[in-house]
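Summarising the annotation, Swiss-Prot assigns NAD(+) binding site to 115-130, ASN235, ASN266, 319-335. Among the features that Swiss-Prot reports, substrate binding site is placed at ARG137, ARG147, ARG175, ASP265. Annotated Mg(2+) binding site per Swiss-Prot: ASP265, ASP289, ASP293, in sequence order, evidence recorded as similarity to another entry. Under the heading site 'Confers substrate specificity', Swiss-Prot lists LEU134. What Swiss-Prot records for TYR182, LYS233 is site 'Important for catalysis'. Residues or ranges marked as site 'Essential for redox regulation' in Swiss-Prot: CYS229, CYS387. The feature transit peptide is assigned by Swiss-Prot to 1-34.
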Amino acid sequence: MAAFLQTNIRLEIIPGRYSSLTDHKFRAPYRIRCAAASPVKKRYNITLLPGDGIGPEVISVAKNVLQKAGFLQGLEFDFQEMPFGGAALDLVGVPLPEETSTAAKQSDAILLGAIGGYKWDKNEKHLRPEMGLLNIRRDLNVFANLRPATVLPQLVDASTLKKEVAQGVDMMIVRELTGGIYFGEPRGITINENGEEVGFNTEIYAAHEIDRIARVAFETARKRRGKLCSVDKANVLDASILWRKRVTALASEYPDVELSHMYVDNAAMQLVRDPKQFDTIVTNNIFGDILSDEASMITGSIGMLPSASLGESGPGLFEPIHGSAPDIAGQDKANPLATILSAAMLLKYGLGEEKAAKMIEDAVVDALNKGFRTGDIYSPGNKLVGCKEMGEEVLKSVDSKVPV
């Protein structure tokens, strides 16, 4: 039988900007240290950014699962929770406080819940929660966003597509994250010579930005089924012409990867017509943003999809791709599985702890096999559960995987 391990919890209050705000939910940055009675092999610093809406709920559940899987693999985590997004706006007036950015950059990995909400929709652009996300991605220099879209056999009936179309879908979308139209200059709103308001943005990519995301995509495809589809709009956009030129040039370095190209409008159609044709997709920032959300509905729910944002060095940022869902916040209705699977990606891609990651992935499948479903993936014959209970079931499944 597996040995029983005791867990000792020690709460550390770290002095900081928020330590005097005792009446707020972010009373102070804190670390929860879980020390096993048996020797610990490795220790990691993890920054938690609960954010807004359902973010705190799903982060709480995912943290417990991450903690359990790590503990069973001899890992120790120091968790530091920091304000971010709308919560930070309410607390200190900016979506990304300097202390939050510093904590993130000094950690081994960051796990984010969700940001945004109706409350801040009318704020000036620089005071919206979403700007915090764009800025932290830049601060961390995470340029590669990996978004898996897999239709699990247990959830094939939840897909919006016919069963025969959705069954067996397993793709990875590699999205460039820090360039393109979201960051390009010039941008703005001005008045033209006719006195009419004009809004404009710039889609711009340098060769090195394309090369580095293409290499990530080729390496990803090489570890999967060896097929890479580059999505662009090279029949219209100059930035896409350069994109296709650079990706094609790099293909000679990866003779074992089959490269194809597709225009983004066709790719959007093919994703719902025949999604199984795709293995790995690489595309720019705005196209990736749109296509990955489209792919999420193939899987049955946006609440199932994790993501990893990685750079050449430094900590990665891991988050579910769903939003903050303020309409169900605080009601225990959120699906925590995307955040739990983001924690698995944190272990795998951020820390290189593949065994612990596999424990979490297997536990999610196990909980689904037992019929547990949150409302977004529920179908008759299964057991409807809330966010907390789904997390508890995954925890039980992780615990059952302890080696004997």
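Every residue gets a Cβ built from N, Cα and C, even glycine.
Sequence features, as recorded in Swiss-Prot, placed on the structure.
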{"residue": "ARG137", "record": "substrate binding site", "contacts (Cβ under 8 Å, 6+ apart)": "LEU177, THR178, SER309, LEU317"}
{"residue": "ARG147", "record": "substrate binding site", "contacts (Cβ under 8 Å, 6+ apart)": "MET172, ILE173, VAL174, ARG175, GLY288, SER292, ALA295, LEU305, PRO306, SER307, ILE321"}
{"residue": "CYS229", "record": "site 'Essential for redox regulation'", "contacts (Cβ under 8 Å, 6+ apart)": "LEU259, SER260, HIS261, MET262, ALA267, PHE278, ASP279, THR280, ILE281, VAL282"}
{"residue": "LYS233", "record": "site 'Important for catalysis'", "contacts (Cβ under 8 Å, 6+ apart)": "SER240, TYR263, VAL264, ASP265, PHE287"}
{"residue": "ASP289", "record": "Mg(2+) binding site", "contacts (Cβ under 8 Å, 6+ apart)": "ARG175"}
{"residue": "PRO326", "record": "NAD(+) binding site", "contacts (Cβ under 8 Å, 6+ apart)": "ASP52, GLY53, GLY117, TYR118, LYS119"}
{"residue": "GLN331", "record": "NAD(+) binding site", "contacts (Cβ under 8 Å, 6+ apart)": "none"}
{"residue": "CYS387", "record": "site 'Essential for redox regulation'", "contacts (Cβ under 8 Å, 6+ apart)": "ILE54, GLU57, VAL58, VAL61, ASP332, LYS333, ALA334, ASN335, PRO336, THR374"}
CB-centroid shell, 8 A cutoff, Mg(2+) site ASP265, ASP289, ASP293, site residues removed: VAL264, ALA268, ILE286, PHE287, GLY288, ILE290, LEU291, SER292, GLU294
Inter-residue Cα distance where the pair is TRP120 (NAD(+) binding site) and LEU134 (site 'Confers substrate specificity'), in Å: 16
Sequence-distant neighbours of TYR182 (site 'Important for catalysis') in its chain (C-beta under 8 A, six or more apart): LEU134, ASN285, ILE286
Least Cβ-crowded entry, counting other Cβ within 10 Å, from the binding-site residues listed as LYS125, ARG175: LYS125
Distance from ASP293 (Mg(2+) binding site) back to TRP120 (NAD(+) binding site), taken between C-alpha atoms, in Å: 23
Number of other Cβ atoms within 10 Å of the Cβ of ASP265 (substrate binding site) across all protein chains: 13
Set of same-chain residues at least 6 away whose C-beta sits under 8 angstroms from GLU130 (NAD(+) binding site): GLY85, PRO95, ILE115, GLY116
DSSP three-state assignment for ARG147 (substrate binding site): strand
Where the record names ARG137, ARG147, ARG175, ASP265 as binding substrate, the maximum Cα to Cα distance in Å: 27
Distant-in-sequence Cβ neighbours of ASP293 (Mg(2+) binding site), under 8 Å, six or more positions away: ILE302, ILE321
Most crowded position, judged by CB atoms within 10 A, among ILE115, LEU134, ILE321 as recorded positions: ILE115
ILE321 (NAD(+) binding site) in three-state DSSP notation: coil
DSSP-derived structure type at CYS229 (site 'Essential for redox regulation'), helix or strand or else coil: strand
